[in-house]
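Record features, source TrEMBL:
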| type | residues | note |
| --- | --- | --- |
| DOMAIN | B:88-294 | domain 'ABC transmembrane type-1' |
| TRANSMEM | B:20-47 | transmembrane segment |
| TRANSMEM | B:87-112 | transmembrane segment |
| TRANSMEM | B:124-147 | transmembrane segment |
| TRANSMEM | B:174-194 | transmembrane segment |
| TRANSMEM | B:229-247 | transmembrane segment |
| TRANSMEM | B:275-295 | transmembrane segment |
Amino acid sequence: MTWKMKAAAAALAILGSVGTAAAEGALNIYNWGDYTSPEMIKKFEQKYDVKVTVTDYDSNDTALAKIRAGGHGFDIVVPSANYIPIWIKEGLLLESRPDQMENFKNVDERWVNVPWDPGRHYSVPWQWGFSGIGINKKMYSGDINTAAIFLDPPKELVGKINVEPEMNDVLFAAIKYLGGEWCTDDKVLLKKVRDKLIEAKPKWLAMDYSVTEKLPSGDYAAVYYWNGAIMRARLKNPDVAFGYPKEGYPIFMDSATILKDAKNVENAKKFLNFIMEPENAALISAFAKYANGIKGSAAFLPPEMKDAPELVIPAQYEKAGEFLKACSPEVSQLYARIWTDVNK
Amino acid sequence: MGSAADAARRAESETTRRRWLLSAPALVIIFVAAIGPLFVMLAYSFMTKGDYGDVKPIFSLDGWFSVLLQRDIFDDTLSLADANLIIMWRSLSLSAITTAATLILGFPTAYFIATRPRETREMWVFLVTIPFWTNLLIRTFAMQQVIRNEGILNSLLMWLRVINEPLPIMYTDWAVLFGMVYVYLPLMVLPLYASMEKLDFRLVEAGYDLYAGRLAVLRRVIIPLVKPGIVAGSILVFIPSLGAYVIPRVLGGGKTMMLGNLIELQFGAGRNWPLGAAMSITLMAVVMIALLFYVRNAARAGGGHG
């Protein structure tokens, strides 16, 4: 062997070892920010020898626009229920038939025949939750189970409220508060909704996403926000309490789906099956503090999540929760105009 | 006709060719990355909006129509789109105030640097550029830590007993202005310094010798001579301020919408891409007018003492 051949052989050996050190395959997940349990990802990577990359988005519309533009390289995306029919209609999702996967038996019956994906041909439950009221009890001691906290704020709270910058959730609460139905096009009522929001908004401090830090720190005294985030705030500061708007509050569920142009379809299918395993679903919930829709996962949840007031809905408020469904394009357009008016 | 002249001509055409070749990569990038998308925007602004975002390739003037006018949501009457106009006006005035504030703060700074001994000037300019080392987003979030209720500024003022309760600065218009001025100040100082460095201070002395007061020297000697710097700095601050997105979003608490946020809404939850495209082009037109103003001014200033 000449030295040149030796060098070449050595180089090949090095390359080879790099090759075996690297994972067998890849999986690119596109999910909401601060929502994916790193522990669960690590477990998946080790089990299947797959390198997982997680990229964040901050709204359903951002995700939809980016995927539709193409060239994204993602395999899995986790849209909200009211958006999944749009994704399906636009032909962006792969019909991956999670209902035929091994672990599908673990999905809670409540989440199988869902209106946005009957029988679950495209999607697997990721997490579900709802918007509600978070309060710092030191700053307010009145009734917190009402949307009046941010729509007709008591004077102790004026200027200290944060409202989630999510058009649909905010309009839902306002429409319900004024006695209407979601997706209504009743202009008399909608005008009242707009006027109520325009009147309330100057009494808010912000419309921001930083609740898990700023509610426990006391920068916000009250928030209208998602239950899991409020729970995370409470775990940092026991003065935080959760309220269920009795007039009505919107329920969401985000579901994991495979994209039609995914490059790593097999790994993506393994992943969907993996997250239907109760132990793994519990990891997802333990991280983001939302419920998951997989039977038997409760046994694996950390103790502070059992009986959490943000997760166990009291019987008298169960009826007030309603699934946030997608409205028709005309109604959505109307709502967007109201939203612009409110935000001007 | 001598062969020398021929050779010279050949050499010259060779230089021209080389110049074009050398600038070709930059031109290609400009064409692909700047002009291309601009045409896409222009085309989108004349199309019909899709039901869930995107556009349908059907000609429509709705996008442009909605920039300035709107049908009332409730009674269908036609009126000025006051929401859009208010937001545009807010962006314009914020940019103008930011420009004025950076000019007032930046002028003495630049003057200070330009009047230091030559050896130390570079160090001062270097100090001005330090903020650029950190990403804008990180600087904006760091600013939150300074001005929030339990932040550094309020804690310090309360410790000094200047105030008893924290000043609510965070999520106000002041916070946005504060952030804008901080971020854009270097963009004002650098061009101001560049033109002040060229300032012949003998002219300033001559002014004093002719019994001009300090104010008169400033107004009638210094300012006219550094005018190109003032104009360049103002343009450099004004234009990015108009499209500011991150600072109002993070320091304004997402409550006060600026033009950048309004455009984003159209491409996001608003699902009205043609309107978003038309708004972007409107913004660009405003910038273009500002630039024309600059070019004309610069030309006049250059002609004055060139």
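Just so it is clear, glycine is given a Cβ too, placed from its N, Cα and C backbone atoms.
Unlike curated entries, TrEMBL annotations are predicted automatically.
These figures come from a predicted structure and were not determined experimentally.
The listed stretches are B:87-112, B:124-147, B:174-194, B:275-295; of these, B:275-295 has the most Cβ pairs under 8 Å to the transmembrane segment (B:20-47). When each of B:174-194, B:229-247, B:275-295 is scored by its Cβ pairs under 8 Å to the transmembrane segment (B:87-112), the top-ranked stretch turns out to be B:174-194. Under 8 Å from some Cβ of the transmembrane segment (B:174-194) lie the Cβ atoms of residues 94, 97-99, 101-103, 105-107, 109-110, 113-114, 125, 128-129, 131-132, 136, 139-140, 143, 147, 226, 229-230, 232-234, 236-237, 240-241, 244, 247-248, 250-252, 256, all in the same chain and six or more residues away from its ends.
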